[in-house]
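**Q** Dumping the structure here so I can ask a few things about it.
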Amino acid sequence: MTELKNDRYLRALLRQPVDVTPVWMMRQAGRYLPEYKATRAQAGDFMSLCKNAELACEVTLQPLRRYPLDAAILFSDILTVPDAMGLGLYFEAGEGPRFTSPVTCKADVDKLPIPDPEDELGYVMNAVRTIRRELKGEVPLIGFSGSPWTLATYMVEGGSSKAFTVIKKMMYADPQALHALLDKLAKSVTLYLNAQIKAGAQAVMIFDTWGGVLTGRDYQQFSLYYMHKIVDGLLRENDGRRVPVTLFTKGGGQWLEAMAETGCDALGLDWTTDIADARRRVGNKVALQGNMDPSMLYAPPARIEEEVATILAGFGHGEGHVFNLGHGIHQDVPLEHAGVFVEAVHRLSEQYHR
């Protein structure tokens, strides 16, 4: 494979020295970019965009042409795995993702296949290979998956949810069925991420978007336990380099110590967690990624720079910080504000790495 020209992101995740703090943005390939909207229109719909390796590659690279980001992230969706299990994923205007046949009981779980990532999810691996080729070693490529718990919420609820009553009913009334589903998902996600790594992903991230809706005990049993299983099963080296793994539970700030025990390399932080506090608690074990409130990008440039400076000072000197937003970038953020953010991270962080 091509020599990596900028490996700041990988080095920071492994708490190795860097010249400046690396930065990328969750959902950096997305609707805030006019060129993304044009490519998506060309594809016809969202899943067609995900399933076309050339177009998925194009949208992955778009933000890198605008901003000096330190990593590219595969353009895909967390729901590719449940889709490959045959649940019939479709998108409803204004409603988000839906499944035609949600999982309602243990019998439904038993029928679910564990998808072969090179077959049913081959389009994702094609995209990874295409992106790696086109990146020409400029920056590393991040692969990702949803966590078993987060994927299960969509599969059991039949789509997005605000109250999670359907999956919580299963969790409390039929825990065996839910554990069976989560176990199958953990196996599927492990295979899926390992296939992404073999195809060329140089780091991977597990997005546990809905872990924060659980009690502490339930989080340990129904979310973290299965993420830990995945971390244990991942290829941690490829192409002569370590492949770092980041866990991100939105709303999971109170569980950082337990998350750090999984053996992952880094933890993603949402904007509700104080990064100085997080570093005090787990900084000797893992790197930290985050954690500016994505809505800060609506603020005037001077205020964005001030916030970047505050977060950098909160983390302080030394290694192990990847700057990011605390969740995905909003679709109506001014393009130049994203540019101000990225530039400020590089310029203002240099003093912390001398």
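Cβ from N, Cα, C; glycine included.
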**Q** Name the residue, out of Thr190, Thr209, Thr273, that Swiss-Prot lists for the same substrate site as Arg27, Gln28, Ala29, Gly30, Arg31, Asp77, Tyr154, His327, please.
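**A** Same substrate site in Swiss-Prot: Thr209.
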**Q** Counting across all protein chains shown, how many other Cβ atoms sit within 10 Å of the Cβ of Ala29 (substrate binding site)?
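**A** A count of 24.
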**Q** Around the Cβ of Arg27 (substrate binding site), how many other Cβ atoms lie within 10 Å? Please give the count over every shown protein chain.
**A** 18
**Q** How many Å separate the Cα atoms of Ala29 (substrate binding site) and Asp77 (site 'Transition state stabilizer')?
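**A** Pair distance, Cα basis, whole Å: 12 Å.
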**Q** Give me the long-range Cβ neighbours of His327 (substrate binding site): same chain, 6+ apart, Cβ under 8 Å, in sequence order.
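**A** Sequence-distant Cβ neighbours: Met26, Lys250, Asp270, Trp271, Pro294.
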